[in-house]
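First up is the structure itself, then whatever we jot down about it.
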Amino acid sequence: MGTENEAVQVQQQPAPIASKFPFTFWEATVASTVLLGFLFGFAAVYLTLPDSDYSFLKLPRTLQDLQLLRDNLENYTSDYTAQVLVGYCVVYIFMQTFMIPGTVFMSLLAGALFGVFKGVALVVFTATSGASSCYFLSKMIGRPLLSSLWPDKLKFFQNQVARRRKGLLNYMLFLRLTPTLPNTFINFASPIVDVPYHIFFLGTVIGLIPAAYITVRAGLALGELESVGDLYDFNSIATLFLIGVVSVTPTLMSKSES
C-alpha cells in the first residue's frame, strides 16, 4: 500500500514550469552580438559627421517625419555621401533583421535622396542584406518564436513549401511579388521550413525589384503623397499581381503535365 501511495503522489506532482525565456545563453549571446554590431556601425557614422544638431535623426513613422528627415539629410548627402550611404544601409538592414516596421519610409527616402536608379539599387541591396541577416538569425534562434507567435501561419507556409519543392524559386518569387504572406514573416520563417538560402536569395533579389521601383519612384514626389496608401494604386497592385502569377505559371503547368 505504501508503495502504491508513493507512486500516486509522484504522478500527481505538477510538471515543472518551462522557462518563459525561449533562448539558451548562447542564442541570446549571438542575438546580442548582432544588435551591438549594428549599434557600433551607426555610432561610427554618427561620430564622423560634423558637429551639428541631429535631433531630426529618428526612424520616420509618418510622411511628415520622412519629409523632415529628407529636408535635413539633403544638406549632408553631397558633402558626406559615404556617411549618409553607410548610415542608411545600417539602419535599413537593422530594421529588416529585427523585423522593425517602417522600411517603406526608408525606400521612399532612397528615392528622395538618390534618385530612381541608385535608389532602387540601394533598396534592393539593403533589403536583401537585411532579409539574409534575418534568415540566418532565425536559423539559430527563430524556431521557438515562430512556433509560439504564428503556429498556424508557419504550418501553412511549411505545407506550401513542401508541395512546391520542384518549383520553389517560382513560388518564392510569387510570395515576394504578392501580399500572400508578409515579407518579414517570409524572412524569418524560410530557414525553419527548409527553404535553401540560394533559393531565398534569388527570390528576394529578383522579387523585390518591382515593388522597390514603385516605392522609390514615389519618393521623388514625396511632397505630393498624402498617405502611404497612395503608393499602391489599383494599377500598381494589378501589375505586381500579374507578374506574380506569371512567375508561378511554370510550376502550375509542370504539375498539370505530370
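From the backbone N, Cα and C atoms, a Cβ is placed for every residue, glycine too.
Residues of the same chain lying 6 or more positions beyond the ends of the transmembrane segment (28-49) and with a Cβ under 8 Å from any Cβ of it are 21, 57, 76, 80, 83, 86-87, 90-91, 93-94, 97-98, 133, 137, 140-141. Taken from TrEMBL, the feature transmembrane segment applies to 28-49 (among others).
Panel annotation: around the transmembrane segment (85-110), residues 34-35, 38, 41-42, 45-46, 59-61, 63, 65-66, 69-70, 73, 118-120, 122-123, 125-127, 129-131, 133-134, 137, 184, 187-188, 212, 215-216, 218-219, 222, 225, 228, 231 of the same chain, lying at least six beyond its termini, place a Cβ under 8 Å from a Cβ of the stretch. Per TrEMBL, transmembrane segment is recorded for 85-110 (among others).
The domain 'VTT' annotation in TrEMBL covers 100-219.
With a threshold of 8 Å between CB atoms, the same-chain residues lying at least 6 positions outside the transmembrane segment (116-137) that come near it are 30-31, 34, 85, 88-89, 92-99, 103, 106-107, 110, 183-184, 186-188, 190-191, 197, 200-201, 204-205, 208-209, 212-213, 215-217, 219-220. What TrEMBL lists as transmembrane segment is 116-137 (among others).
Beyond the ends of the transmembrane segment (173-193), by six or more residues, the same chain brings 96, 99, 130-131, 134-136, 138-139, 142-143, 145-146, 150, 153-154, 157-158, 161-162, 200, 203-204, 206-208, 210-211, 240-241, 243-245, 247-248 to within a C-beta distance below 8 angstroms of the stretch. The annotation transmembrane segment is assigned in TrEMBL to 173-193 (among others).
Here TrEMBL flags 199-220 (among others) as transmembrane segment.
What TrEMBL records for 232-253 (among others) is transmembrane segment.
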